[in-house]
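Engineer: Just passing along the structure, written as structure tokens.
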Amino acid sequence: MSTAADSGPGWRRLHSRTVLVTALVTVGVAVGAAVPVMVALSGRLGYATAVGWALAGTVLLTGCAAAGDYVRWRRTRYRVGAERVDLHTGLLLAKRRSLARERIRSVDLTAHPLLRILGLVTVRIGTGEHTGGDSTLELDAVDRAEGERLRRELLDRAAPRASGAHRDGELATFDPRWIRYAPVSFVAPMLGGAAAGGVMQISEWAGVQGEVIDWVADRFRDTPLVWAIVVLAAVALAAGVVGALGLWTEMWWNYRLEREPGGTLRVRRGLFTSRSLSVEERRLRGVDLVEPLGVRLVGAARVDAITTGLTRDEESRSADHNTLLPAAPRALADAIAAEVLRESVTPTGAQLTAHPRAARGRRLRRALAVALAPVLLQILLGLLLTPVLLWTALACAAVCVPVAVLLAVDAYRSLGHTLSGDYLVTRSGTVRRSTAALRRTGVIGWTVKQSCFQRRAGLLSLTATTAAGNGAYTAHDADASEGLAFAADAVPGLLEPFLERG
Amino acid sequence: MTAGEGTIRLRPPRNTLDPRAVGWWRAQWLLLTAAPVAVLGILGALIAPARLWLLTPAAVLAGAGLLCAVLFPLWWFRTHRWEVTDEAVYVSTGVLLREWRIAPMSRIQTVDTVRGPLEQLFGLATVTVTTASAKGAVRIEGLTHEVAAGLVERLTRITQDTPGDAT
């Protein structure tokens, strides 16, 4: 095995096949670039010469990349010591990075298809500190057994928890029926739009954009404009749905949520790129039951972890990094939330204290302002320029106002907060309704905000700040006095000295 | 719930800022309005045909800036208050959007002091107390250098005595 120790005890190397991976990836990129270059050159230089140049370029590029990566591989060493994990690397500059083992909070294994074929994984070791990018240490790549060993060794500091009622092992596994929730997410229309945009962009690159537009216009020559728009939107949406199904399959195939001995939750998933996320339970501060509008309408919900120490770089933010359970039937989501927190019933299902009616008025006013602003603009322009705009304003108002009112009323009904056992529960949102259950000991401060409008209506917004998740969970527009009592009860002793009653 | 015994309010923190903070805020307002007013004024002096259209907004802006510089700091001085107990740091700010922030001592991670150039001029300092939350920082602006130094010293001592990694 090439990961054997060489300089000093405990030092290991990355797997030698890493160099092969880099070479293969570069070949792929180089061939992709070489083909159009070859086509362009063959007209001027003749076919054989063009192929020769392209081949030479490919070989040179691949050779350079492989040589560079070989040097990197030679110079990269890591060691898991008793106290610290060290990584020495660097192509030209020597970089030395060292993490204290007790600060390590997550170990993620990922493998794109090529790595999987070669039996390798990329290991990302995170401390989850907020400062800069120095909190993550990446081993690219080691073999799968070594990755598993690292993960177990680094996270195995079993702080035994007193709760025998909850099982180790598998908590949830992939259920293909969940795919029915994929098309109702916001991904579908987004992908549809992207597909339409992509067709236009590619046809422009190929210089045939005009022809594509003409061709589409030809299809609809005898149909009215409205109908054509409806059909085109439907086609784009259908493409988006297909894309959403594909994306969902790629992301969630082989999904498994397990609790490992020693108190670590582990999510594994992915069809082509396999991903593994481990969260230490003592870093878990709660769960967030997320219900995007479409998903909520069909009675499903997603479970996210609220945890300290997940890396929060751009890449992971976009990739559902902290999701413990994808959109699944609500009952199952509740059961998993309870299981993850080692509770008998999930705190996110608790009966919530509703917020005062003044909060509904605020939501209605805000929604109507947003809906009516474009309408008023159109009326103004219509009066000044052309009466057509008056009709579009009417149509716009007829559609937007009821939607705005419905969303506002729903947003109000979503609002709520309560204390449930060891958890503080807040719920808000309509397009993305989120019910967060935060462990009361995880609250590390309060921020209370009150605008002058809120003051007149007797409302205020309470934000519990925490080291986990997105850093703050807010009960918007709660009743002023009841909200403060709630906050004081949630964390005994913290708010109490600053309150006056009477 | 302990509700039901009448209304509950947050009481204002005990300490006010240093009175020099009023002057500091006024200087900020004046500098803020001086820049656009000066630009408009110079343009108005140079471009004769548009003089009316440049000097009128300059005058309006200057008037509004002066009014804000007189009124807002007085108002702010009443609402910007702070307090440090053995358990927590408690700060209130804002006039139109009021805000009260509370950070428990046991969760404080860092204590920073900043003295901007304008603050130096007025002999003031800003103390920022951060916790492990990305959104939980507490800022106390407009303290005198001595008070700020004493506060930092006290906070550092208390937080050092508290075990744990504050998450």
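Cβ coordinates come from backbone N, Cα and C, glycine included.
According to TrEMBL, the protein has these features:
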{"type": "DOMAIN", "residues": "A:73-153", "note": "domain 'YdbS-like PH'"}
{"type": "DOMAIN", "residues": "A:412-482", "note": "domain 'YdbS-like PH'"}
{"type": "TRANSMEM", "residues": "A:20-41", "note": "transmembrane segment"}
{"type": "TRANSMEM", "residues": "A:47-71", "note": "transmembrane segment"}
{"type": "TRANSMEM", "residues": "A:186-206", "note": "transmembrane segment"}
{"type": "TRANSMEM", "residues": "A:226-249", "note": "transmembrane segment"}
{"type": "TRANSMEM", "residues": "A:367-385", "note": "transmembrane segment"}
{"type": "TRANSMEM", "residues": "A:391-409", "note": "transmembrane segment"}
Engineer: Cβ under 8 Å, sequence separation of at least 6 from the ends of the transmembrane segment (A:20-41): give me the contacting residues as numbers and ranges.
Structural biologist: 49-51, 53-55, 57-58, 61-62, 65-66, 68-69, 114-115, 118, 120, 141
Engineer: Might you confirm whether the transmembrane segment (A:186-206) is in contact with the transmembrane segment (A:226-249), defined here as three or more C-beta pairs under 8 A between residues 6 or more apart in sequence?
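Structural biologist: Between the transmembrane segment (A:186-206) and the transmembrane segment (A:226-249), which are separate recorded stretches, there is contact, as judged by 3 or more close Cβ pairs.
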Engineer: Determine how many residues of the domain 'YdbS-like PH' (A:412-482) DSSP places in helix, in strand and in coil.
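Structural biologist: For that range the per-state counts are 15 helix, 44 strand, 12 coil.
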Engineer: Can you tell me how the residues of the domain 'YdbS-like PH' (A:73-153) break down into helix, strand and coil by DSSP?
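Structural biologist: Split by secondary structure, the domain 'YdbS-like PH' (A:73-153) comes out as 21 helix, 37 strand, 23 coil.
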